[in-house]
Amino acid sequence: KLISVYKGNCAAKSKPALKGINDSGKDQNRFQEESYEKWPTNWGQQFLVLLRRDIKERKHESFSFACLSGPCGCSNFRTTLVQDQIGLLFFISGFWGFFPLFQAIFTFPQELRMLQKERSSGMYRLSSYFMSRVVADLPMELVLPTIFLVIIYWMTGLKANVVNFMCTLLSLLLSVLVSQGLGLALGASVMDQKAATTLASVIMLCFLLAGRFYVQHFPKFIAWIKYISISYYTYQLFIGSQYSYGETYPCSTGQCRIVEFPSIKQIGVHFGLDDQLMAALGLMIMIIVYRVIAYVALMRIGVTKK
């Protein structure tokens, strides 16, 4: 049908132009140079078109209410015991370390064939594609943990204070962005969903172990892993958002300092403002580094012709 329409409407008009180009090798070379020398659109136009496409794709994905089942299960759980509150914070940091990680792993492998085709034909820059994907994912990635924390925070006996809540929320969102960045980096580097998922599980479990939450005597040659552990920094920020250095809690001898609480002392949580800022800075550096790794890994996919 397309061929017949072309012959009826376009063939007669396009023949003179095509004949003139084919008759002159110089014109043909100039035509090829102009076609590949410049991008057909600027970066902003490419970004907006790709962002619009990504949003249209993502809007059909419903919110995963499975990740909100935790607040429902904790609706009757309210305690002022430090051990229970610390356990809850550990659960939150662990859950929101794994969930965005596995969500992000599938981003680039699912679009591999499309990216190869569109990049090799010079439709857009890799940077505009990458930024549109990152920005389009932000609403979904940030809204869910916010809803989760709004529900669970006020039900479980955590400090009912706006400042403490906002510090906890910002710490959670930082953790989510880092986990998403790690997922993007793994997905772009491996480009195999099964292998990337397995690798992500191993990495996150290493992060949990190296954080010394349960294993205290860790081999020295791999003890440095805690300094690149998402869970370690997130837990530091969570504890710092709920407790202060001079705070006390009820114990067998009356009142004990919170810094001497076994679960906090054995992990080595620091309550100083400088230490909290360093933990937040560590997460922000990882947000950038993981996304740079993902971008570099994508550079080998569908290289645009010169």
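Placed from the backbone N, Cα and C atoms, the Cβ positions cover glycine too.
TrEMBL labels come from automatic prediction, so no person has curated them.
Taken from TrEMBL, the feature domain 'ABC-2 type transporter transmembrane' covers 45-243.
Long-range Cβ contacts of the transmembrane segment (86-109) within its own chain (Cβ-Cβ under 8 Å, at least 6 residues beyond either end) map to 67, 70, 74, 77, 115, 133, 137, 141, 145, 148-149, 152, 156, 158, 172, 175-176, 179-184, 186-188, 190-193, 196-197, 200, 204, 207-208, 213, 230-231, 234-235, 238-239, 242, 261, 263-264, 294, 298. The feature transmembrane segment is assigned by TrEMBL to 86-109 (among others).
Positions annotated as transmembrane segment by TrEMBL: 130-156 (among others).
Annotation source TrEMBL lists transmembrane segment at 162-188 (among others). Within the same chain, residues 92-93, 96-109, 134, 137, 141-142, 145-146, 149, 153, 196, 199-200, 203, 230, 233-234, 237-238, 240-242, 280, 283-284, 286-287, 289-291, 293-295, 297-298 sit at least 6 positions outside the transmembrane segment (162-188) and bring their C-beta atoms closer than 8 Å to a C-beta of that stretch.
Residues 90, 94, 97-98, 101-102, 105, 109, 182-183, 186-187, 189, 222-223, 225-226, 228-232, 235, 266-268 of the same chain, all 6+ positions outside the transmembrane segment (195-215), place their C-beta atoms under 8 angstroms from a C-beta of that stretch. Taken from TrEMBL, the feature transmembrane segment applies to 195-215 (among others).
Sequence annotations record features per position, and here TrEMBL assigns transmembrane segment to 277-298 (among others).
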